[in-house]
Amino acid sequence: MSDIPLIDLKADPFALFAAWVSDAEKSEPNDPNAMAVATATPDGRPSVRMLLLKGVDERGFVFYTNLESRKGRELLANPHVALLFHWKSLRRQIRIEGPVEAVSAAEADAYFASRSRMSRLGAIASDQSRPLDDRSTFEERLKAVDEKYGDGPIPRPANWSGFRVLPEAIEFWQDRPYRLHDRAVWTRDGNGWNVTRLYP
């Protein structure tokens, strides 16, 4: 019914993820590593926003944030997350669910140092997710931080770090004609994975 290859159930999910991201890097005009990150309060009130994936290995998927932002506070209180990658040009998506753990201070320091100077200054000047009476207030704080550090090193603030998502489930979705889509989910089984194809 279609010449689109079916998802390979024998594939390692991390290898398949890497292959799909590689395809997205060739076809998506902007931010192929963009993902929706859903968190929830302890009583189950969800929130979601777009972030950029900043690292992936056999341990999990890494992103960074202000720990005092809404997502940071929710993850500290309820350390579980759902991620969604959607590549419209490829008609594909990947969903990932699992608990999170904090990245090490060394990992956070290394990534923070790799950011542009203005991004580092902004991380210090911003009370992320807090009310802001006037944009000029933030710009004045940014200027003050800029003057404080000058051309010197800019330290990572204690309230800025990262999380690693430890995947318990990774679902791959491939569009097919007539909404007869192809879906497969890998779920953790000890140190291995169980894989199941799903009805569309």
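Backbone N, Cα and C define each Cβ position, glycine as well.
Site annotation (Swiss-Prot): substrate is bound by Tyr111, Arg115, Ser119, Arg179, Leu180, His181, and the candidate from Lys54, Lys71, Lys148 recorded at this site is Lys54.
Under the three-state DSSP scheme, Leu51 (FMN binding site) falls in the strand class. Leu53 (FMN binding site) counts 20 other C-beta atoms within 10 Å of its own C-beta, drawing on all protein chains shown.
Annotation for the binding-site residues Gln93, Ser119, Ser129: lowest Cβ count within 10 Å of the residue's own Cβ, Ser119.
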